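J.: Attaching a single structure in structure tokens format; questions to follow.
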Amino acid sequence: MVLNRYALITNCNHKTLGLYYLWFSFLFGTYGFLLSVILRTELYSSSLRIIAQENVNLYNMIFTIHGIIMIFFNIMPGLFGGFGNYYLPILCGSSELAYPRINSISLLLQPIAFILVILSTAAEFGGGTGWTLYPPLSTSLMSLSPVAVDVIIIGLLVSGIASIMSSLNFVTTVLHLRAKGLSLGVLSVSTWSIIITSIMLLLTLPVLTGGVLMLLSDLHFNTLFFDPTFAGDPILYQHLFWFFGHPEVYILILPAFGVISHVISTNYCRSLFGNQSMILAMGCIAVLGSVVWVHHMYTTGLEVDTRAFFTSTTILISIPTGTKVFNWLCTYMSSNFGITHSSSLLCLLFICTFTFGGTTGVILGNGAIDIALHDTYYVIAHFHFVLSIGAIIALFTCVSFFQESFFGKTLRENTLIVLWSILFFIGVILTFLPMHFLGFNVMPRRIPDYPDALNGWNMICSIGSTMTLFGLLIFK
């Protein structure tokens with residue numbers, strides 16, 4: 001595909017914009033990944049290694065930016081923006097998205113939002129609040145630079161506007177521009193994954209927007225929404241944030257489900273086992289995932305019956321998720337092809353890691369167990385197995401499988417991608433599997449130092465991180 005020098009700001013073609021989303025995703029993701037390598041270098045052994053004692057807030061700033069970038073600027077643009085823009089019109093028989101120019105604007109807002117978030121590092125103390133921006137830390141004028149929190153909030157707002165525009169575009173395209181005679185009931189699992197993701201974004205992003213705007217007004221306009229000294233409530237912010245924050249996890253992983261379903265179905269030359277149940281399972285995941293946000297807040301002093309409700313609802317999500325894994329495996333086992341392409345291997349790796357991450361999620365969903373494991377490395381291990389391994393493998397599966405469609409030629413040979421897959425998989429398993437043991441040893445997250453007794457597991461984690469870096473260099 002030949003592009004002129006102004007194509008980025010003038011092109012409205014959905015395929016071109018989808019490719020730009022992918023390029024932005026890999027560019028931003030590489031930056032975020034290198035930040036995580038800095039964190040693992042610091043945690044290679046106990047005591048401070050590369051961060052000075054008087055500048056320990058730098059560690060907070062790094063993991064804050066790492067989290068925001070990987071969630072909002074790596075996985076979302078790659079799977080939802082890239083795969084959705086490129087293939088949604090094709091899969092529903094449309095020649096173009098409903099609003100091509102709005103689609104172009106939503107792409108251009110992504111690098112603007114990224115630059116705003118990165119600018120927070122230029123402030124004197126940075127915005128070391130964690131990606132959750134919890135008050136009263138984020139509204140404190142003593143330990144942080146208010147301007148750093150400002151630009152992070154504005155960056156998230158700009159990114160949210162871009163996501164809402166894309167979501168409206170996708171839903172309108174499917175409802176009004178699909179091919180004649182193509183009913184909603186016969187749309188593919190991949191198409192439904194993008195539709196359900198778009199609906200979740202439209203329902204939850206306004207709540208996040210309201211929450212961070214209240215935070216901004218607390219910082220600069222003398223409101224007291226989250227200040228307990230004047231009858232404000234910091235827990236209110238947690239409710240507002242996690243009402244978006246937990247569905248966001250499914251917003252990230254549902255397009256990955258669509259990619260994996262499409263690749264498995266195509267590679268094994270058969271329709272998915274239980275095709276309609278796969279769509280129903282995604283709908284159930286979306287509904288249940290939107291009403292379980294309080295499981296992030298078990299330690300905030302909830303009543304017992306509240307904990308019981310959210311524990312049971314959280315564990316209930318494992319039923320539709322298990323349905324999807326079962327159907328994928330049935331489709332694979334009913335085929336005689338075996339692993340014929342690197343994307344088939346990546347799909348199996350996704351299923352393994354996602355299943356393991358989901359199992360640890362069921363453990364953490366239990367209110368009694370979570371009180372012991374809350375804010376330990378067990379939590380980090382859980383969500384990185386689902387996101388850092390699961391969603392990222394789905395992103396690479398997408399590029400590996402569709403590379404001829406995307407670029408008109410095979411950029412990487414099958415053998416090289418298989419080699420990268422194995423090296424990457426071993427690296428991430430070495431990085432995140434020992435974190436479960438660190439969590440059981442109650443190593444707190446977001447702290448750059450730890451007892452000497454935990455040196456061994458942390459050393460293995462850091463070696464795995466380095467191995468993942470080498471694997472990424474092979475794929476480049």
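Placement of Cβ uses the backbone N, Cα and C atoms for every residue, glycine included.
Sharing the features that Swiss-Prot gives for it:
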type     : residues               : note
BINDING  : GLU42, PRO448          : Ca(2+) binding site
BINDING  : HIS66, HIS384          : Fe(II)-heme a binding site
BINDING  : HIS246, HIS295, HIS296 : Cu cation binding site
BINDING  : TYR250                 : O2 binding site
BINDING  : HIS374, ASP375         : Mg(2+) binding site
BINDING  : HIS382                 : heme a3 binding site
TRANSMEM : 19-39                  : transmembrane segment
TRANSMEM : 61-81                  : transmembrane segment
TRANSMEM : 105-125                : transmembrane segment
TRANSMEM : 144-164                : transmembrane segment
TRANSMEM : 194-214                : transmembrane segment
TRANSMEM : 240-260                : transmembrane segment
TRANSMEM : 278-298                : transmembrane segment
TRANSMEM : 309-329                : transmembrane segment
TRANSMEM : 345-365                : transmembrane segment
TRANSMEM : 379-399                : transmembrane segment
TRANSMEM : 415-435                : transmembrane segment
TRANSMEM : 455-475                : transmembrane segment
J.: Any contact between the transmembrane segment (455-475) and the transmembrane segment (61-81), i.e. 3 or more CB pairs below 8 Å with pairs at least 6 residues apart?
T.: no
J.: When the Cα-Cα distance from HIS246 (Cu cation binding site) is computed for each of the binding-site residues GLU42, HIS66, ASP375, HIS382, which gives the smallest value?
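T.: That would be HIS382, the closest of GLU42, HIS66, ASP375, HIS382 to HIS246 (Cu cation binding site).
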J.: Rank 144-164, 194-214, 240-260, 379-399 by Cβ pairs under 8 Å to the transmembrane segment (415-435) and hand me the top one.
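T.: Answer is 379-399, with the largest number of Cβ pairs below 8 Å.
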J.: If I take the alpha carbons of HIS296 (Cu cation binding site) and ASP375 (Mg(2+) binding site), what is the distance between them in whole Å?
T.: 10
J.: Other residues with Cβ within 8 Å of the Cβ centroid of HIS246, HIS295, HIS296 at the Cu cation site?
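T.: Apart from HIS246, HIS295, HIS296, the close residues are TRP242, GLY245, VAL292, TRP293, VAL294, MET297, PHE310, THR314.
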J.: Nearest to the residue listed as 'heme a3 binding site' in three-dimensional space, by Cα, is which of the binding-site residues GLU42, TYR250, HIS295, ASP375, PRO448?
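T.: So, of the listed binding-site residues, the one sitting closest to the residue listed as 'heme a3 binding site' is ASP375.
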J.: Within the same chain, where does the transmembrane segment (105-125) have neighbours whose Cβ lies under 8 angstroms from its own Cβ atoms, ignoring anything closer than 6 residues to its ends? I mean 6 or more beyond.
T.: 8-9, 17, 20-21, 24, 28, 57, 61, 65, 68-69, 72-73, 77, 81, 143-145, 147-149, 151-152, 154-156, 158-159, 161-163, 165-166, 169
J.: Between the transmembrane segment (61-81) and the transmembrane segment (278-298), do 3 or more CB pairs sit under 8 angstroms, pairs being 6 or more residues apart?
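T.: Between the transmembrane segment (61-81) and the transmembrane segment (278-298), which are separate recorded stretches, there is no contact, as judged by 3 or more close Cβ pairs.
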J.: Across all protein chains in the structure, which of the binding-site residues GLU42, ASP375 has the highest Cβ count within 10 Å?
T.: GLU42
J.: Consider the binding-site residues GLU42, HIS66, HIS374, ASP375, HIS384 and say which one has the Cα lying nearest the Cα of the residue listed as 'O2 binding site'.
T.: HIS384
J.: If you run the three-state DSSP split on PRO448 (Ca(2+) binding site), which class comes out?
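T.: Where PRO448 (Ca(2+) binding site) sits, the three-state DSSP reduction gives coil.
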J.: Out of HIS66, HIS296, HIS382, which has the highest number of nearby Cβ atoms, where nearby means within 10 Å of its Cβ, if these are the binding-site residues?
T.: HIS382
J.: At a 10 Å cut-off from the C-beta of TYR250 (O2 binding site), count the other C-beta atoms across all protein chains.
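T.: I get 21 for this one.
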J.: Have a look around HIS295 (Cu cation binding site) and count the other CB atoms within 10 A of its CB, chains all included.
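T.: There are 21 of them.
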